[in-house]
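*Asks:* Okay, so TrEMBL annotates it like this:
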- 1-20: signal peptide (SIGNAL)
- 131-179: domain 'TM2' (DOMAIN)
- 131-149: transmembrane segment (TRANSMEM)
- 156-176: transmembrane segment (TRANSMEM)
Amino acid sequence: MKQLTFAALVHLIGVCRTHGDVEVVLTVSKAALDRERLAVDSCMQEMNDAYPMGPLVPCSFLPEEFVECSLPELAVVSHNDTAETGHCTKFGGQRAEDVEWTWVACRVLPCIECRGRRHFFRRVPCIKYTGHHFLTTLLYSIFLGLVAVDRFCLGYSAIAVGKLMTLGGLGVWWIIDIFLLVTGNLTPADDSNWEPFY
């Protein structure tokens, strides 16, 4: 039995697809394909490293659209431990200096050409978004705050029921919630950040 290289196998499959009346059954060992793929990857790695001034961008410089990264997870950390890679002790923050950062594993999407390793670590902020928009919540608070739509929207159900039963605390609670939203003291109950506008 003749061993096929990975490139020859791809070519053969392409030829078989173009001739619909021919049915071909191929048996190729997975180990042979893995060896061939590894050889091609190492050749590409050597070729890319040999020409650092070439037209290909380093893989770690690719924007988010071309890279798939694992999401940071919340870590339960005792007072004398530190969070491990990919874990955050808390999410979010209202100011940039309040936001934690962590390293997550990323990989380049298929069919994207770049130079260097296709699997790497990237530093990302510990931020999560859950669909809460500040402007929408502010408008809810201004126009529907008397019936507690803003508090229900943010996930504060127990407080919202109290606000609803008292019609916004006879208007006082309604005004206070608008003030809390504008000053940044009323945020989503799940500690997520506001959705960005872009």
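Here the Cβ of each residue, glycine as well, is placed from N, Cα and C on the backbone.
Heads up, TrEMBL stuff is auto-annotated, nobody curated it.
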*Asks:* How about long-range neighbours of the transmembrane segment (156-176): same chain, 6 or more residues beyond its ends, C-beta under 8 Å?
*Replies:* 141, 145-148, 189
*Asks:* Mean pLDDT, the domain 'TM2' (131-179)?
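*Replies:* In the predicted model, the domain 'TM2' (131-179) has a mean pLDDT of 93.
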*Asks:* For a three-state summary based on DSSP, what are the helix, strand and coil counts in the domain 'TM2' (131-179)?
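*Replies:* Grouping H, G, I as helix and E, B as strand yields 41 helix, 0 strand, 8 coil.
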